[in-house]
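Asker: The following block contains the structure, expressed as structure tokens.
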Amino acid sequence: MDAVVSGIVLAGLYALVGQGLVLTFVTTRTLNFASGELLAVGGFLALGVGSWSWLPTPGKLAVVVLVGGALGAVVHRWLVLPFARGEHDSRWLLSTVGISYVLLNLFTNGEGANPQRVELTRNPGTVEVLGVGVNKQSLVIAVIAVVVTLALVAASRWTSGGVIMRAVAEDPRTVALMGISPRLVGAVAYAAATALAALAGVLWASEVGATPGLGVHVLVSAFAVAVIGGLTSFWGPLVGAVVFGVVVQVSAYELGALWGQVAGLALVIVVLVLRPEGLVGRRMEAKL
Amino acid sequence: MKKFAVAALAVASVASLAACGNDSSSEREDGVVRIGLVGPETGAAPQFYTDLVRPVELAVADLADEYGLEVEIVTVDDKGTPDGASAAVQQLLNTEDVDAIFGPPQSGNALQVADVIQRSGRPWLSAALAPEIMDESLDPNWLFRTNYNASDLSSVVAQYLFSGDSTVGIVHSADAYGQSGAESIEAEAEELGAEIAAVEAIQPGTTDFSAGISRLAAAGVDTVFLAITAGADTATVTKAIAQEGLAADRVVTNATILADFATLADPEQWENLVFIDPRDLTGDTVAGIAADYEAEYGEAPIIPTNVYSWMAAVDTYLQAVAEVGDARDFDGVREAMEGLEQVSVRDDVYEKPFGAGDHEIYEPEDPSQWIVFGFDGEGALEARGDLASCIADGC
Amino acid sequence: MSLVLEKVASGYGRLAVLHGVDLEVPRGEIVSVVGANGAGKSTLAQTISGLLTTTAGTITLDGTPVHRLRPERRARLGLVHVPEGRRLFGGLTVAENVGMGRHAARGRRGDPDVVEHLLDAFPRLRERWGQRAGLLSGGEQQMVALARAAASRPRYLLLDEPSLGLSPRLSSEVFRLVAMIAEETGAGVVLVEQRVDAALRLATTGHVIEHGRIVVSGDAEELRTSEMIRKAYLGV
Ligand SMILES: Nc1ncnc2c1ncn2[C@@H]1O[C@H](COP(=O)(O)OP(=O)(O)OP(=O)(O)O)[C@@H](O)[C@H]1O
Ligand SMILES: [Mg+2]
């Protein structure tokens, strides 16, 4: 029971970042491998705006999220679009991995590797959930992840932007024939994804401090949950995160802490072999 | 055409050689003591470089006049890598022709250059922790360590951990540092005939460690040893201890925790956290150093223990040079360091710290030399007492 | 007012397919382009709508050069392409598919919207309105494609083999609706077809394309009835 509850709560952070991966994958069939460092950017931005005493906390959060969104659009325009010129062009992989190293080095040289305390959105302490003590901040993040997931699912079903996104997922060329720029859709998706990463960065940095490597470990797990759940559905990261979190925690409790991570990644491989589209993902329809 | 190209190339290379000669090996001036500092100015852990250069500058400013010496400091970047360290040390020895080498601060890099420096036959001062760097059987041995070494610390920590009726568990980082830390405590336990109830590893950057802690609790652990590389991971572990309600009387870690733990964790998590260090970190000397450091550089020391160790190194070296009267008499300086009556860091004095077969400043055999530190309710460091009294009466 | 192609060339990467195509499509007229398999008909349609890059020559829409614009810009100007195989969004409902078509009409509210008339003429789509388009029959899907195009308020409509895969009865139904859209919107229509006879019956002007070149152009009725042309180019 302990393991299950803490696994579910732990899953929130990964689901939040995984949601960004789904957003870009669905719309552009690309993934931003620099998401981890952009998450760290969120942490450092929180440090920066933390000293603006004239701005209330929601305003500061908004600044971080907006700057994150703008960075996402920049990444899309300069690092993804030029390197994803068709189905067989995977250079975006190298360009985003490349920028992630560049950012990591820049931050390490500029800010040092030591964690810096972030006060924005800090929720210290633990609370009881179903009789199990859980970390307050993790719980906040989990709740936000659920809200974001519901919002994305609702938007993709019932808003015209959501319809466009589903159409782009199926067939971006034909969407262009409808007078809609698939590149713009991609840019918006990258902006939203990076805004989510920045938000996750603020929340997580408030817990463990801002470091250049803040997102490295988180991104690995976010990939895992997105793959497990399925990169083509907004339910994917949440479902994947819960399954991943519970498997990680239960094996950690039963076999030892280090085995949790191993079991989680082994689960990714099992899913890739048995159900490559993920637990709730759709098989990609024959297209293009 | 071809001839022209060859000629151009030749001219270019001569020009670049000349340029090299000009800026790097500036003329040695007679009578000036030339200290070479090597550390990771760039790379993952630049704080080790910063807190090598700054304390040396501060100590030299204090001591050069006192000993009547003129001192010049040369710094090179080892980029935080063993390769970088090799290149940097070559540069210090060959191009810069320094009289003594301080650093590299990181153990792996120090290990990489140990042979080269020993063969060069120049005084070498180190604050790196790895026991392997020091080979006291060498004759002559050029290395003097002004910090404790990790295996001595382990033996001291083990004395504390296994005192009384404790059930000990270990949490270590799943990296080289954490593993060797855990192994050395396990080895000490074996020597003492004591049991370790549980060992758990934490992946650096892990977001939740409640599972590991609940396993320690299940094993009945009441005394925890942490061998953890990053302060953020220490915070994750202590958070899990609070969250899982593990009733640990003592959580023992080491001084690396000072680097960033206190800025991250909340007071409830430091309550029974202690570490053991031979330096009086809450004393006036350390406070005075911190004040001067902050006045000079605008921030508090990043790694206070390293700052202290490098200041001890400066006193060790300059005192010996002053005694011999010539920094180029390397053998003489080495023997003078072995024979020093005392080494001081400001008001802290170490009597006869070195000897012919003893190049380590601290000794593990005497528990009264080591101090147990913890944190008070505000998270400020406080000394709980020396190890001998802590073991005898608890503290 | 017309859609004019002058010496247009294009292809796929290094493979040149169209070689100097000239074509004029006046508003309100149906122009049919016929030719054998692989002649370059779909390539032509995709070049006009911008899915393929024009490598030489010009395309003007009512006097505005459009051959350098991205496909979405051309669609916004009223150049509407119903691609070969319909390319509906199978996971979207009929309503959402038609709604996607409306995006291209943004800013051109003045042009007539004939979606309602189309639905009256083919009421089965109303019954399927909330269903996923991927689950419809071929004929129904083609009607959705037409409705989606009509929702874009076309000024020029490119139809690539709208009768593909349909029974003769459904094909003539499709052709009837194409004629209706052309008449009510006043759009110029480029009708690419393999059903030569039906296509030329609908059109005023006909063009025969072979190996990426227009080899014969003329009055649709004359082309349709000329034994020589049917034998030489169309293999019928
Ligand atoms: N995506 C593509 N890549 C490379 N070559 C292509 C591609 N699509 C078509 N072609 C080639 O271009 C030429 C013209 O093809 P196109 O599809 O325009 O013919 P079509 O007249 O529409 O034929 P059909 O009646 O079969 O639809 C053919 O030789 C074809 O092989
Ligand atoms: Mg075709």
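Heads up, the Cβ atoms here are built off N, Cα and C, so glycines get one too.
Annotations in TrEMBL come from automatic prediction, not curation.
If you look up TrEMBL, you'll see A:6-26, A:38-55, A:61-80, A:139-159, A:180-204, A:210-228, A:258-274 marked as transmembrane segment.
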Asker: Look at every Cβ pair spanning the transmembrane segment (A:6-26) and the transmembrane segment (A:61-80), keep those 6 or more apart in sequence, and say whether at least 3 of them are under 8 Å.
Answerer: no
Asker: Under 8 angstroms, Cβ to Cβ: which one of A:61-80, A:139-159, A:180-204, A:210-228, A:258-274 has the largest number of such pairs with the transmembrane segment (A:38-55)?
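Answerer: Looking only at A:61-80, A:139-159, A:180-204, A:210-228, A:258-274, the most contacts with the transmembrane segment (A:38-55) come from A:180-204.
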Asker: Which sequence positions outside the transmembrane segment (A:61-80), separated from its termini by at least 6 residues, show Cβ-Cβ distances below 8 Å to it?
Answerer: 28, 30, 32, 34, 38, 41-42, 45-46, 49, 55, 92, 95-96, 99, 120-121, 186-199, 201-202
Asker: In the same chain, who gets a Cβ under 8 Å from the transmembrane segment (A:180-204) while lying at least 6 residues past its ends?
Answerer: 13, 16-17, 19-21, 23-24, 26-28, 32, 35, 38-43, 45-46, 61, 64-73, 75-77, 80-81, 118, 120-121, 137, 140-141, 144, 148, 161, 164-165, 167-168, 172-173, 214-215, 218
